[in-house]
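Look at TrEMBL and you will find 99, 120, 127, 128, 129, 130, 131, 144, 188, 189 tagged as ATP binding site. Residues annotated as Zn(2+) binding site in TrEMBL: 229, 232, 304, 307. What TrEMBL records for 246 is active site, glycyl thioester intermediate. Here TrEMBL flags 353-449 as domain 'Rhodanese'. Look at TrEMBL and you will find 408 tagged as active site, cysteine persulfide intermediate.
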Ligand SMILES: Nc1ncnc2c1ncn2[C@@H]1O[C@H](COP(=O)(O)OP(=O)(O)OP(=O)(O)O)[C@@H](O)[C@H]1O
Ligand SMILES: [Zn+2]
């Protein structure tokens, strides 16, 4: 009886906590909204996101420096002086100064694009360098737009570059995008893709959209020449489980470089009116076979909620809510288990590490090979979920007094594993390490590698 009461109380508390979290999230969103309004009002005239004044100088001639600097593209018959002037008078907004945004910005600045806007809320980290090639060792900790701006001005001091150190969201997107001619989606999440697509439809801006993961990349131009928008193709967001980012799936820098450079190429073609822009087509790049394929994509959806003649959505919405996914991957901690059901890495080190126990690391083998805790055995999450681990451990699992500890990189997959193993072995003590190997490095052993 007592146990039942305790169980009910736990369930009630869990529900209350979930409700409080939802209420907190909603209040934070409202605060964010008010912050945007207050800062815009307080800083009239110096609002970082305010559209640029329309009095930008219109260049009608190239300087001698321009002629020398851009000579190799100036002599291209289809590009020429007129193309260079169009580029010089153009402005491009790049959202995301990561693996795609860096090479895209580099080629646009080098080619003589007159105005670049760079949006990112994130800071430069060492794990960025292999593909985010504008950032460097001396600028770790800088904001990505500021670090990129620094590198780009070295490359081309004539390019005007504006940093928007912001998470682009429904409150600031229209204001920021408004003063640019073309937008590049170099972000890494679904919520931002919908946000950018909707905002670009509302402001009638072409959107050059790129993505890259592992060895593969994709590229297309939305909302151009009567082509479809992102929503025409994907009216409903994908399920959360089907989405992976570079931090989890990995990516080769040369692959993001290929797609990022091609985003710059499409932007230049749109601005100059050159060639055949990749609208209504999707370019698929397979880096492992070096094959490029072009497939036709559907036309505009006549009943698209945003780009059709009678749109249902006429202002930006809450995209994180719509997608059920966050736009910011920095704080992606999940709470599937309550804290009491889990183990802090320090507790594990002090109380359990020297005792008999089974330490199961559920990361993929390639990650296990990078680094592992002493005594850990590798059973990838998929093998936990399909129960093949049971055969592997055999009689070891018959001892219900043997504590089982599951761990992963950040303490998310290990919770899924705990839930599953508990359902098979309800009498065992099964817990996971809160914060995973990242917490181990941060609180127990700073010399343990972090990735
Ligand atoms: N809504 C947004 N507003 C501003 N920047 C964004 C938004 N969404 C994504 N980004 C930025 O887009 C970039 C995507 O690049 P990429 O995936 O290469 O970098 P990353 O997030 O540093 O990768 P990793 O997963 O390795 O940490 C990131 O720098 C991210 O901060
Ligand atoms: Zn559409």
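Using N, Cα and C of the backbone, Cβ positions are placed for all residues, glycine too.
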Let's see if you can do this one: DSSP helix, strand and coil counts over the domain 'Rhodanese' (353-449), in that order.
42 helix, 14 strand, 41 coil
What Cα-Cα separation, expressed in whole Å, is found between residue 127 (ATP binding site) and the residue listed as 'active site, glycyl thioester intermediate'?
11
Within 10 Å of residue 99 (ATP binding site), Cα to Cα, which of the recorded positions 232, 246, 408 are there?
246
Select the closest residue to residue 307 (Zn(2+) binding site) from the following recorded positions, measuring between CA atoms: 188, 246, 408.
188
Using a 10 Å cut-off, grab the number of neighbouring Cβ atoms around the Cβ of residue 129 (ATP binding site), all chains included.
14
Close-lying recorded positions around ligand 1 among 129, 229, 246, 304, 307, where CB distance stays under 6 Å:
246
Extent of the ATP binding site in Å [max Cα distance among 99, 120, 127, 128, 129, 130, 131, 144, 188, 189]:
20
Quick one: of the recorded positions 229, 232, 304, 408, which has its CA closest to the CA of residue 131 (ATP binding site)?
408
Cβ under 6 Å from ligand 2: which of the recorded positions 129, 246, 408 qualify?
none
Nearest to residue 246 (active site, glycyl thioester intermediate) in three-dimensional space, by Cα, is which of the recorded positions 129, 188, 229, 232, 408?
188
